[in-house]
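Right, one structure below, let's go through it.
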Amino acid sequence: MLLRLGFLQQLLLLLIQSLEPSLAASKDLVCEPITVPMCKGIGYNLTYMPNKFNHDTQEEVGLEVHQFWPLVRIRCSPDLLFFLCSMYTPICLPDYRKPLPPCRSVCERAKRGCSPLMSQYGFEWPERMSCEGLPQLGDETLCMDQNSSEATTSAPPFPKSTPKVRTRPPSPSQCDRECRCRDPLIPIKRESHALFGRVQIGPLPNCALPCHLPYFSADERAFTSFWVGLWSVLCFISTLTTVATFLIDMERFKYPERPIIFLAACYLFVSLGYIIRLVAGHERVACGAGGTSQLHILYDATGPALCTLVFLLVYFFGMASSIWWVVLSFTWFLAAGMKWGSEAIAGYSQYFHLAAWLIPSVKSILVLALSSVDGDPVAGICYVGNQSLENLRGFVLAPLVVYLFTGTLFLLAGFVSLFRIRSIIKQGGTKTDKLERLMIRIGLFTVLYTVPATIVVACLVYEQHYRPSWERALACSCPLERQRSIRGPDYAVFMLKYFMCLVVGITSGVWIWSGKTLESWRSFVARCCPCWAHKATAPPSMYSEASTALTGHTGTGLTSGMYHKAHQSHI
């Protein structure tokens, strides 16, 4: 019996020995250049797939190994990069077609340096990279070390690794991101919740933003309230002064300059919306609980009443101001390019008002009907498009671009005509001082409107382009990056946007910044107080003076003469 067992053992041994060459041949490694960014230049250039973690391609390797980039970057261990690359992109030698793992000492040095830091953030050394399964220097199995490329004198030669290697930081797409609705995000778990199935952050459904945007610090949030409050109050004061000046002396402001007054009135109500938010507070205007334990930003809402009020003030009058800007540029074009008189332009004022108030009304009603009002987690107001890119593009960005482009075209055409008229008048020997002053004021106001409006559009383009990546970074982070600051929007861009949204209301007062305004107020006070000794008369408008400047030597005003033609042909 013993002889039979011995014979079977010998037979089995011979069979294994006969199969060993064929098995080895079937497992020959196929070398390929290293393409993983973090492991390029590590000290060897060739690797093979699959590796010990069963990654079939280097793309899969890159997605996983770049999770460790923060540890590599802070150099918690000088051996970490070499160890990671030797595990994920193992060396492949053309003359040695067998796996060559790192030595256990390399793993232990890397673990000794980085494991304590990982523990501080709640992470353990990965089981799959346990040091116990690696060969030690001097064992029968060959291994490689950071400082020595040989385990024994019979080890095959290969290039020694360089201890210090600089690699480029991995892009967000090179990280195996874990997406969870974790703090500070707010999960919507109950099906009875109004937002269940209607909200998402990045790829995460039923996940909502908190009341305050988590990208910014507490100090930045406090400064935001101060910043928005400061410019909204200044805008309110400036526009209130402009509108009050118009009300006490309406005859002074005739077409084509009268739309400036209506534009200022719109910004008066826009600033009032921001002031309501300043008084009521961020949480009361833009946030709601909706049955959850935490306040989240409002999504797809038509209420509460305070939110709707702020939305109407900021959105309706903001869009109306843009249309009044188009009307202003159009009336300047009629006056300068088509030679229309003030009375002829005023004859169409009802159509200007119809367009300026009807179009924003339709858009506002549509937003409310679609329940598209949402909270702004930065400024704390209610608007449209803060959470939906489609609403931002359709209700805000596209109309602003159209209004700005149309108004600028009319203004440029009007300026060309004014310069042509100026040349004709100069050739006739008439002074053009008043016309030139009018052109300077129009040009100044044009710059003071178009520059802020263009910057607001640019900020909105920036926001709609990068918002998806901000949300992905917030919802999906690499495990080793959770404690690091989340890459979010540029704080300065948001502050610039809110400033430019309100500065036009402040600069609209440029049109009344003159001695004539003081005379108008003096005359108003004199009418109200009979004891006022001096009773000033209201001066003519700037446009009237410019019309006088267009008078020829015959004494007939060019503008008034053209009025009859305009009246016959256009009215």
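Note: Cβ is positioned from N, Cα and C throughout, glycine not excepted.
Annotations in TrEMBL come from automatic prediction, not curation.
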I want to verify the bond table. Which candidate from CYS85, CYS92, CYS131 sits on the other end of the disulfide that TrEMBL records for CYS107? CYS131
Which residue in the list CYS76, CYS85, CYS143 does TrEMBL annotate as forming a disulfide bond with CYS114? CYS76
Partner cysteine of CYS85 (disulphide bond, per TrEMBL) from CYS39, CYS92, CYS103: CYS39
Chain residues outside the transmembrane segment (348-370) and at least six past its termini with a C-beta under 8 angstroms from it: 255, 258-259, 262, 302, 308, 311-312, 315-317, 319-320, 323-324, 327, 331, 384, 391, 395, 399, 570-571
Criterion met for the transmembrane segment (226-248) and the transmembrane segment (400-421) (at least three Cβ pairs under 8 Å): no
Sequence-remote partners of the transmembrane segment (260-280) [C-beta within less than 8 Å, at least six residues beyond its ends]: 225, 228-229, 232-233, 235-236, 238-240, 242-243, 246, 253, 286, 306, 309-314, 317-318, 320-321, 324-325, 327-328, 356, 379-381, 445, 501-502, 504-505, 508-509, 511
Whole-number mean of pLDDT values that fall within the domain 'G-protein coupled receptors family 2 profile 2' (224-520): 87
